[in-house]
Every structure is written in structure tokens, then in C-alpha cells.
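Engineer: Straight from Swiss-Prot, here's the annotation block:
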- 21-194: topological domain 'Extracellular' (TOPO_DOM)
- 25-60: repeat 'TNFR-Cys 1' (REPEAT)
- CYS26-CYS37: disulfide bond (DISULFID)
- CYS38-CYS51: disulfide bond (DISULFID)
- CYS41-CYS59: disulfide bond (DISULFID)
- 61-103: repeat 'TNFR-Cys 2' (REPEAT)
- CYS62-CYS77: disulfide bond (DISULFID)
- CYS83-CYS103: disulfide bond (DISULFID)
- 104-144: repeat 'TNFR-Cys 3' (REPEAT)
- CYS105-CYS119: disulfide bond (DISULFID)
- CYS111-CYS116: disulfide bond (DISULFID)
- CYS125-CYS143: disulfide bond (DISULFID)
- 145-187: repeat 'TNFR-Cys 4' (REPEAT)
- 195-215: transmembrane segment (TRANSMEM)
- 216-280: topological domain 'Cytoplasmic' (TOPO_DOM)
Amino acid sequence: MVRLPLQCLLWGCLLTPVHPEQATACKGNQYLSGSHCCDLCPPGKKLVNDCTGITETECSPCGAGEFLDTWNRESRCHQHKYCDPNLGLQVQGTGTSTTDATCICHEGQHCSSDACESCILHSPCAPGLGVKQLATGVSDTVCEPCPVGFFSKVSSALEKCHPWTSCDTKGLVELQAGTNKTDAVCGFRNRMRALVVIPITMGVLFAVLLLSACIRKVAKEPENKALHRKVGWQDPVETVYPDDFPGPHSIAPVQETLHGCQPVTQEDGKESRISVQERQ
């Protein structure tokens, strides 16, 4: 084995080229551009030009309706989210240069997905089911079956199951048991039913008779007033014939009338006429 002199080894080391290692680690808010660590653009601004050995990173603000919410080296800003009313959305928060706009669903609707790009109506709970958890803007209604002793007879996204009516607490008897869709039916006992129905029936009949009597009385009042008015306008007229008195008398009848409560006798030889009624 040939041994090289120590001097050759030393010269070999000196002649070996030494290449400087490039810097690859930059600070948290920097990025590597070529051989330089450049500063990232702050939220609300986008990158225009990278830094150089003599210039800093050049950034510009986002335009109207745009935003960037992180430190970045983006050349374009993001557009604000559009809350489309045709999809059931409305604006919850207006976007800025550093935050996006937020949307929520109209009342009675919730987001169809986690991204909330559209809304759908809350699901109602069918009869026999009650609401366990109300729907929110991001979640649908949660329903549960009505347990024994409870019922729900409507389709609703708001109502819970209702308890059956307690007939005992009302002093009644249960005529029909409740189900998960119908309430219990209560009623009177046979004797109690008679005690309640008879007074009610008598009261109704009495009211009908009283009303009928009042109607008749009111209907007769105009007739009575008209009759009294007609009698008051006429003067009493009385005709007296000669045959009513004994003794001789002339052949021609003598007519006597009462006029103003004074007797008036027709003269002999004049034609007998019935007096004309005079009115005051």
C-alpha cells in the first residue's frame, strides 16, 4: 500500500472548493424569493413586487368588495361572499378588506350545507311526533315520537307533544283513551249528564217563551196606538126615532143628534138627514 506524504494531503484539502450554503430559513412573516427573505403582505393587502437586495416587498390594498384575511404573498384579493336572496340568504355581516361577508338564512330556513351556499325550509314534525330540538339557522328540526300519555295532532316545526287531558281532575269520566295523535275524550256520568242537561233545556225554553212574548207585545203596540187615535177623532152621533117615544107625533120622523154634547132637533117639514160629523 502506497502512503501519500502528509504534505499532499494538506494541499488536497486546501485546493478543495468551498461552496457557501444558501439561507433557506426565513422568519414567520417572511418568504424566500431567490436568495432573499421578503416580508409577506399584511391582511387587507396583496403582493405587487417581491423584495430585492435594496428594496422591500411592495404591497397594495384590496379593492372594494375584496379581502385578504391573512399574511400573504397573493397577487389578487378574494371577492366577498354574495348573499343571494333567491337562495334564501341575507347579509348577516358586511365584509371588510380583512374579513369576508357573512350570510344567514331567512326566518324559517336553515343552511343546506356547512358552506351555507343556499337555504331550505325547516322540516315539520308530523302528527304523532313532537319537536325535540328547534331548528336554527344552520341545523334542521329534530323530532321525537310522542310517548304514552302525550299526543300531537298537527304537523309543526315548533310544537312539542302535549299531555292528554286528565278527566279525573275535571270531575269527568274518560269516554275514549288518547293516542299519540289524539287527545283523551272526557264526558259526564249518566246521572250527572241528566242533572246538567235538564236545567239547560228548561232555561232555553224559558228564554224562547219570554222572547216570544216580548215580540208579540212589541208587535201589538202600533195597532193599539192607531185604534186609540181613530176613536179620539170621532164625535159621538146618536139618531133618535119618534117610535122610541110614546104619544102622538108627526108622520115625518124627527132626527135628533148630539153635537158637541148638545141635542140638535131637526125642524118639521125638512128632509131628514144624517148630521155631518164635525171634527175639531
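Every residue, even glycine, has its Cβ placed from backbone N, Cα and C.
So that I understand the layout, could you describe where these features sit and how close they are to other parts?
Structural biologist: The average pLDDT for the topological domain 'Extracellular' (21-194) in the predicted structure is 92.
If you take the C-beta of CYS26 (disulfide bond) and look for same-chain residues 6 or more apart in sequence within under 8 angstroms, you find LEU32, CYS37.
Secondary structure from DSSP puts CYS38 (disulfide bond) in a beta strand. All protein chains considered, the CB of CYS38 (disulfide bond) has 21 other CB atoms within 10 Å.
Neighbour density for CYS59 (disulfide bond): within 10 A of its CB lie 19 other CB atoms from the protein chains shown.
Beyond the repeat 'TNFR-Cys 2' (61-103), the same-chain residues lying 6 or more positions past its ends with a Cβ under 8 Å from any Cβ of the stretch are 29, 31, 38, 40-48, 109, 116-120.
Under the DSSP three-state reduction, CYS62 (disulfide bond) is assigned to coil, being neither helix nor strand. All protein chains included, CYS62 (disulfide bond) registers 22 other Cβ atoms within 10 Å of its own Cβ.
Taken residue by residue with DSSP, CYS103 (disulfide bond) is part of a strand.
There are 25 other Cβ atoms within 10 Å of the Cβ belonging to CYS105 (disulfide bond).
The 10 Å shell around the Cβ of CYS116 (disulfide bond) contains 21 further Cβ atoms across the protein chains shown.
Under a cutoff of 8 A between CB atoms, and with a sequence separation of 6+ in the same chain, the neighbours of CYS125 (disulfide bond) are VAL131, THR141, CYS143, SER152, SER155, SER156, ALA157, GLU159.
Within its own chain, the transmembrane segment (195-215) is flanked in space by residues 188, which lie at least six positions past its ends and keep a Cβ under 8 Å from the stretch.
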Engineer: Cα distance, CYS62 (disulfide bond) to CYS38 (disulfide bond), nearest Å?
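Structural biologist: So the Cα of CYS62 (disulfide bond) lies 20 Å away from that of CYS38 (disulfide bond).
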Engineer: Cα within 10 Å of CYS103 (disulfide bond): which of the disulfide-bonded residues CYS41, CYS51, CYS59, CYS62, CYS77, CYS116 qualify?
Structural biologist: CYS116
Engineer: If I take the alpha carbons of CYS59 (disulfide bond) and CYS119 (disulfide bond), what is the distance between them in whole Å?
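Structural biologist: So the alpha carbons of CYS59 (disulfide bond) and CYS119 (disulfide bond) sit roughly 38 Å from each other.
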Engineer: The repeat 'TNFR-Cys 1' (25-60): which same-chain residues, six or more beyond its ends, come within Cβ distance under 8 Å?
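Structural biologist: Answer is 67-77, 96-98.
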Engineer: By a Cβ-Cβ criterion of under 8 Å, what residues six or more beyond either terminus of the repeat 'TNFR-Cys 3' (104-144) are in contact with it?
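Structural biologist: Long-range Cβ neighbours of the repeat 'TNFR-Cys 3' (104-144): 84, 87-90, 92, 150-161, 180-181.
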Engineer: List every residue in the same chain as CYS77 (disulfide bond), at least 6 positions away in sequence, whose Cβ is under 8 Å from its Cβ.
Structural biologist: LYS46, CYS62, GLY63, GLU66, PHE67, LEU68, SER97
